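Student: The structure is given below, and queries will be raised subsequently.
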Amino acid sequence: MDKRYWTQSMTRKNQTVISEFVLLGLPIDPDQRDLFYALFLAMYVTTVLGNLIIIILIRLDSHLHTPMYLFLSNLSFSDICFSSVTIPKLLQTMQGQVSSIPYAGCLTQMYFFLFFADLESFLLVAMAYDRYVAICFPLHYTSLMSPKLCLSLVVLSWVLTMFHAMLHTLLMARLWFCADNKVPHFFCDMSALLKLACSDTRVNELVIFIMGGLILVIPFLLIIMSYARIVSSILKVPSARGIHKAFSTCGSHLSVVSLFYGTVIGLYLCPSTNSSTIKETVMAMMYTVVTPMLNPFIYSLRNRDMKGALGRVLFKKKITLPV
């Protein structure tokens, strides 16, 4: 036992201590880099402004002080932070500036990336449950979706995601890395870092698989079940209006849910040896850049309540201006 411990200690001493990682970014042709830089910058600005408008409208308009929009405001805040964890560094790298990131900064980026990704997952479940109660039990909606329950769901989402992200970060911190510090990704992705580790990563991969089932698969199934019950409930009343209401309620939400969960599950629950670098990068780009940008349009800007709130806020500002 002592000899084994001595051997591991000597092996670690002979390894190069990694103080920073180098993010290789996206596999883009240098001639097209400026075009993609402008594209990603526009998408990031759209994400921030779109979600910020949603938060402000929900804050200012009392008609939107409901459980659904409480979850939505948290989702918008999560989307802003989720994109801000990775995109600014990507834009900096694409400009030919410093592409390196300190070891501690890399783990910090990974922590907040996992935190806000998990938070979005839990908030999507809460929003699906809210719609399920609103459509299937409209007469009991106020009692079932009480302010205390809604606040508890939000707080629980934040707490669970904090511990889950911390678990993976601590497990990553225990690993040793060899001289190769080049990360073939545009951010400190967990699977990409595991491929650079010299030490045994079986515990990390096992935890990823188990916790992935709890944090991703189970919420995804709960969302599918909620919306299946919504469709089933509305289809019991054979009316064109009811069918239209079901698909208008479920269609957009399920499209984003499929985009978000499909890429995340495919990326983190598949064996790392079977995933190509380009595939991982493209899938990560879908849920880190595209999904947060689409959420304001799908959840709110096409929503009649949000349009009404925007009109009321703008009209109020107009009539209160001094003559």
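Each position is counted from 1, following the chain as shown.
A Cβ is built for glycine as well, from the same backbone N, Cα and C atoms used for every other residue.
Annotation source TrEMBL lists transmembrane segment at 35-58, 111-129, 149-167, 206-225, 246-269, 281-301. Positions annotated as domain 'G-protein coupled receptors family 1 profile' by TrEMBL: 50-299.
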Student: Averaged over the domain 'G-protein coupled receptors family 1 profile' (50-299), what pLDDT does the predicted model reach?
Tutor: 83
Student: Flag the pair the transmembrane segment (35-58) / the transmembrane segment (149-167) as in contact if three or more Cβ pairs fall under 8 Å (sequence separation 6 or more).
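Tutor: In this chain the transmembrane segment (35-58) does not contact the transmembrane segment (149-167) - fewer than 3 Cβ pairs sit under 8 Å.
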Student: Looking only at residues six or more beyond either end of the transmembrane segment (111-129), which have a C-beta under 8 A from one in the stretch?
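Tutor: Long-range Cβ neighbours of the transmembrane segment (111-129): 68, 71-72, 74-75, 78-79, 81-82, 85-86, 150, 153-154, 156-158, 160-162, 164-166, 168-169, 187-190, 215-216, 219-220, 222-223, 226-227, 253, 257, 260-261, 264, 287-288.
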